[in-house]
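Q: Have a look at this one before I ask anything.
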Ligand SMILES: O=P(O)(O)OC[C@H]1O[C@H](OP(=O)(O)OP(=O)(O)O)[C@H](O)[C@@H]1O
Ligand SMILES: O=c1cc[nH]c(=O)[nH]1
Ligand SMILES: [Mg+2]
């Protein structure tokens, strides 16, 4: 079974509180989403492999470490996942970026696909699937399946807020996918919004409501 990591670092938790606040406007919401994702990326990449190389400092020759091993990729689920891209790229500028376009039909709650473009060497990459909200898990499950259908094997899901229902849904269909969250919330409401959550992440990021 995959693991669920709740990132309880004080900086992440403080910024998450500001993100949840309904009085936070779009500009601050975007900035906070980026900052939280950057802090999460720092934690998520703890297990990357290092190797020693030889360099020369202004003083002498020295052995020092660089990241090695699998190449990295990030895949935001559109739209709201776009808000998380820059936070990861700030720390890992060489990561390739794929995109999966999905929205949740408001009536059926089923994910509807409208776009998918992944790096051609997706099977060789360690992939971080980005979406701020893991609610029923329908969108993330569908996105993970798209990636697997195109050859991706090493996938981690990064959500800012998750509901227990979403985590369970991922565990059920994709038990190989580890999940990283900043907040594990209580439940979903009758419209499948996360409670207490932060409302509609895409609308708050882009000011569409
Ligand atoms: O776990 P689920 O029940 O599938 O819900 C979560 C999905 O809903 C939101 O997207 P939305 O459909 O609002 O699209 P948007 O990002 O374009 O706003 C959110 O960003 C997730 O992708
Ligand atoms: O609470 C929720 C659930 C789905 N999508 C969102 O943006 N927020
Ligand atoms: Mg939305």
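Cβ coordinates are placed from backbone N, Cα and C, and glycine is handled just like the others.
What TrEMBL shows for this protein is this:
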DOMAIN    6-208  domain 'Phosphoribosyltransferase'
BINDING   79, 104, 131, 132, 133, 134, 135, 136, 137, 138, 139, 200  5-phospho-alpha-D-ribose 1-diphosphate binding site
BINDING   194, 199, 200, 201  uracil binding site
Q: With respect to ligand 3, which members of the binding-site residues 131, 133, 135, 137, 194, 200 satisfy a Cβ distance under 6 angstroms to one of its atoms?
A: 200
Q: For residue 199 (uracil binding site), which residues of its chain lie six or more apart in sequence with Cβ-Cβ distance below 8 Å?
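A: The list for residue 199 (uracil binding site) reads 22, 193, given in order along the sequence.
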Q: With the Cβ atom as the reference point and anything under 6 Å counting, tell me which of the binding-site residues (79, 131, 135, 137, 139) are near ligand 2.
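A: Those binding-site residues that pass the cut-off, since their Cβ is under 6 Å from ligand 2, are 135.
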Q: Between residue 201 (uracil binding site) and residue 133 (5-phospho-alpha-D-ribose 1-diphosphate binding site), what is the CA-CA distance rounded to a whole number of Å?
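A: Between the alpha carbons of residue 201 (uracil binding site) and residue 133 (5-phospho-alpha-D-ribose 1-diphosphate binding site) there are 7 Å.
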Q: Across all protein chains in the structure, which of the binding-site residues 79, 131, 135, 200 has the highest Cβ count within 10 Å?
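A: That would be 131, with the most Cβ atoms nearby.
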Q: Using a 10 Å radius around its CB, how many other CB atoms surround residue 194 (uracil binding site)?
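A: Around the Cβ of residue 194 (uracil binding site), 25 other Cβ atoms lie within 10 Å.
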Q: If I take the alpha carbons of residue 194 (uracil binding site) and residue 135 (5-phospho-alpha-D-ribose 1-diphosphate binding site), what is the distance between them in whole Å?
A: 6
Q: Under 8 Å Cβ-Cβ from residue 139 (5-phospho-alpha-D-ribose 1-diphosphate binding site), six or more apart in the same chain: what's there?
A: 77, 102, 103, 104, 111, 131
Q: Closest of the binding-site residues to residue 200 (uracil binding site), Cα to Cα, picking from 79, 133, 135, 137?
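A: Closest recorded candidate to residue 200 (uracil binding site) by Cα: 133.
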Q: Quick check: in three-state DSSP terms, what is residue 133 (5-phospho-alpha-D-ribose 1-diphosphate binding site)?
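A: In the DSSP reduction, residue 133 (5-phospho-alpha-D-ribose 1-diphosphate binding site) maps to strand.
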Q: In three-state terms from DSSP, label residue 139 (5-phospho-alpha-D-ribose 1-diphosphate binding site) for me.
A: helix
